[in-house]
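In what follows, a single structure is set out as structure tokens and then discussed.
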């Protein structure tokens, strides 16, 4: 499968710097607020916006949020589906991911099979990604019936990541879970990064620029933040939080 426009954009930007993606969950964010957040992301030059969530927003709810983001943001909007329903024709691309450490084959290949023809019909760019849940896993781990990687076992995470690469996945995502008390451990990030040759995404539990700085220093290529922005009391507060997180990427 050829590398598409959005994936090429990611690789070209990674040649120059580490990246920061913002995750917006349509279950928790109205189209109006999503549009305002997207405008802030545009002004701060956030590298991409991901749209999705573990509880599976879909249909008109998802479409309206994606459209509001697209109206206010010129860079890629990438779907991050919790299941096969989380697909919108208005996005630029989709992380076509497999939850490698799920106990349930539905989240490894089942949901992907159910969603594949819709991705093709909408002419969405699929970006193959290995998705790995790390303790505590939070809602993503519970919904995805994952067997979370123990935080003190970085080699297990590295084994899954390398397996994902060998299966043809072109990105690896280490997920501690939205709202996790702590991010993925730096030692795990470093161990995984040494094992693989594809870009490494890290998300979940990231609340400060200092945490971002440490994760980037450990080897994260792309940092994903979501809950930290969604929980802000106002758009201006969200802007300040994003500015702090953004500074951590620029080490």
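Backbone N, Cα and C atoms are what each Cβ position is placed from, and that goes for glycine too.
As recorded in Swiss-Prot, the features of this protein are as follows:
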| type | residues | note |
| --- | --- | --- |
| BINDING | 25, 54 | Mg(2+) binding site |
| BINDING | 173, 174, 175, 176, 177, 178, 179, 204, 205, 226, 227 | sn-glycerol 1-phosphate binding site |
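Here the features listed in Swiss-Prot are painted onto the structure.
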residue: 25; record: Mg(2+) binding site; Cβ contacts under 8 Å, 6 or more apart: 51, 52, 53, 57, 178, 226, 230
residue: 173; record: sn-glycerol 1-phosphate binding site; Cβ contacts under 8 Å, 6 or more apart: 95, 97, 129, 130, 131, 132, 201, 202, 203, 224
residue: 175; record: sn-glycerol 1-phosphate binding site; Cβ contacts under 8 Å, 6 or more apart: 131, 132, 133, 134, 137, 140, 184, 203, 204
residue: 177; record: sn-glycerol 1-phosphate binding site; Cβ contacts under 8 Å, 6 or more apart: 133, 134, 136, 137, 138, 139, 140, 141, 204, 205
residue: 179; record: sn-glycerol 1-phosphate binding site; Cβ contacts under 8 Å, 6 or more apart: 138, 139, 204, 205, 227
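Residues 173, 174, 175, 176, 177, 178, 179, 204, 205, 226, 227, recorded as contacting sn-glycerol 1-phosphate, have a largest CA-CA distance of 17 Å.
According to DSSP, residue 179 (sn-glycerol 1-phosphate binding site) sits in a coil region rather than a helix or strand. When other Cβ atoms within 10 Å of the Cβ of residue 205 (sn-glycerol 1-phosphate binding site) are tallied across all protein chains shown, the result is 22.
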